[in-house]
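Quick notes on the structure that follows.
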Amino acid sequence: MANPSLLILAGDGIGPEVMAEVRRVIDWFGANKDLTFDVSEDLVGGAAYDNHGTPLHDDTMAKAQKVDAVLLGAVGGPKYDDLDFSVKPERGLLRLRKEMDLFSNLRPAQCFDALADFSSLKKDIVSGLDIMIVRELTSGVYFGEPRGIHREGNERVGINTQRYTESEIARVARSAFELARKRSNKVCSMEKANVMESGILWRDVVQEIHDAEYPDVELSHMYADNGAMQLVRAPKQFDVIVTDNLFGDVLSDCAAMLTGSLGMLPSASLGLPMANGRPKAMYEPVHGSAPDITGQGKANPIACILSFAMALRYSFDEGAHADLLEGAVERVLADGARTADLMGPDGGTPISTTEMGDAILAALDAA
Ligand code: NAD
Ligand code: IPM
Ligand code: MN
């Protein structure tokens with residue numbers, strides 16, 4: 001059988017720096033575990049704009065539709081701030097999500113024991129934390145029409161539209177309930193049904209899908225602003241959180257800091273099954289291109305490496321190998337390996353992006 005295929009889109013800023021470490025991890029699995037991928041690389045974001053005048057070339061889009069999984073680094077940066085909105089680096093990422101129909105974005109926030117002291121919250125609030133935010137990724141205010149900036153009389157008006165269809169809500173709700181069944185069987189749905197009609201529909205549809213198909217799962221509803229507060233007050237009350245595109249964006253950055261650093265958070269964006277049974281999928285760290293530390297060897301590659309672990313689990317049914325990789329990450333953290341973003345209260349000397357990669361490969365060798 002042909003090797004599974006991966007398309008790497010490293011992107012901008014620290015994207016290529018963290019992806020270089022993922023490449024080494026992929027090669028390690030090929031050399032040591034008889035798990036070989038056909039890897040191709042292409043451009044996205046500012047890097048694609050610089051070469052092609054567009055943040056995602058049509059050929060790249062076509063390749064992304066064909067491979068078994070896409071691994072993406074990060075896009076964006078100040079160099080592109082003044083570009084026309086239609087060709088900004090972020091548009092490339094959004095096009096991939098939309099055209100691949102990656103409606104279910106899994107953003108786990110797990111606090112490794114070794115980092116429990118590093119959170120800005122007290123240790124007992126975050127230690128042992130393991131929650132999963134399921135963010136709707138292809139609709140809502142990110143894509144709703146009408147949108148734009150236009151003139152009304154003598155001033156400009158900026159417009160975006162929050163729009164959800166019943167079927168869009170239903171499919172992401174199902175994805176959250178399915179995940180919950182494999183975890184602690186608990187889903188909290190977040191919206192603002194108190195002020196938004198789309199929120200009322202969201203709440204109704206999630207409840208209907210629950211009652212009809214997942215009555216065994218414990219379901220609660222929460223207004224998203226309260227949800228943000230509860231995430232900081234008592235995050236361990238949650239197991240799976242399901243929410244819309246924009247609330248999910250904000251709440252997942254918030255959850256990231258519970259784990260010690262944005263540099264720790266991976267994500268999986270999943271769509272419908274392809275002909276081979278695998279879901280359409282893209283894996284990317286939650287963080288961005290981090291222009292403030294680009295080119296300094298300071299980036300933490302763990303979020304990107306853990307995103308590859310999610311690819312092993314969700315695209316390739318390689319749960320044991322995903323566990324192996326996650327275990328290696330846990331071990332290097334327990335042994336005290338720290339990139340600059342993980343300098344906790346005890347200070348210490350940070351290691352570089354490559355040294356963190358070295359440590360993880362050594363832990364894989366030792367496993
Ligand atoms: P950011 O995530 O790039 O950075 C926020 C802060 O976290 C910075 O101080 C950065 O140094 C730090 N940080 C992020 N990742 C880190 C890592 N792996 N290791 C160590 N420190 C890390 O967010 P931002 O500054 O708001 O955005 C910068 C650019 O990235 C923007 O153009 C934005 O649109 C883009 N962005 C892209 C993605 C993506 O590609 N998925 C996600 C978020 C932001
Ligand atoms: C994320 C990012 C993206 C988003 C941007 C870069 C388009 O913040 O993946 O969290 O807003 O979805
Ligand atoms: Mn974000």
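Each Cβ is built from the backbone N, Cα and C atoms, and glycine gets one as well.
Note that TrEMBL annotation is computational and uncurated.
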Just to be sure I read the record right: R97, R107, D225 are listed as binding substrate in TrEMBL. Which of R135, R147, R151, R183 is listed for the same site?
R135
Pick the one among the binding-site residues D249, D253 whose Cβ has the fewest other Cβ atoms within 10 Å in this structure.
D253
Give the sequence-ordered list of residues that share a chain with K298 (NAD(+) binding site), lie 6 or more positions from it, and have CB atoms under 8 Å from its CB.
T339, A340, D341, P350, S352, T353
Can you check which residue among the recorded positions G77, P89, Y142, A290 has the largest number of Cβ atoms within 10 Å of its own?
P89
List the Cα distance (Å, whole number) between R97 (substrate binding site) and Y142 (site 'Important for catalysis').
11
Once the DSSP letters are reduced so that anything not helix or strand counts as coil, what is K192 (site 'Important for catalysis')?
coil
Within a 10 Å radius around the Cβ, which one of these recorded positions has the most neighbouring Cβ atoms: R97, R107, K192?
R107
Of G77, D249, A290, T294, K298, which binding-site residues come close to ligand 3, meaning Cβ under 6 Å from one of its atoms?
D249
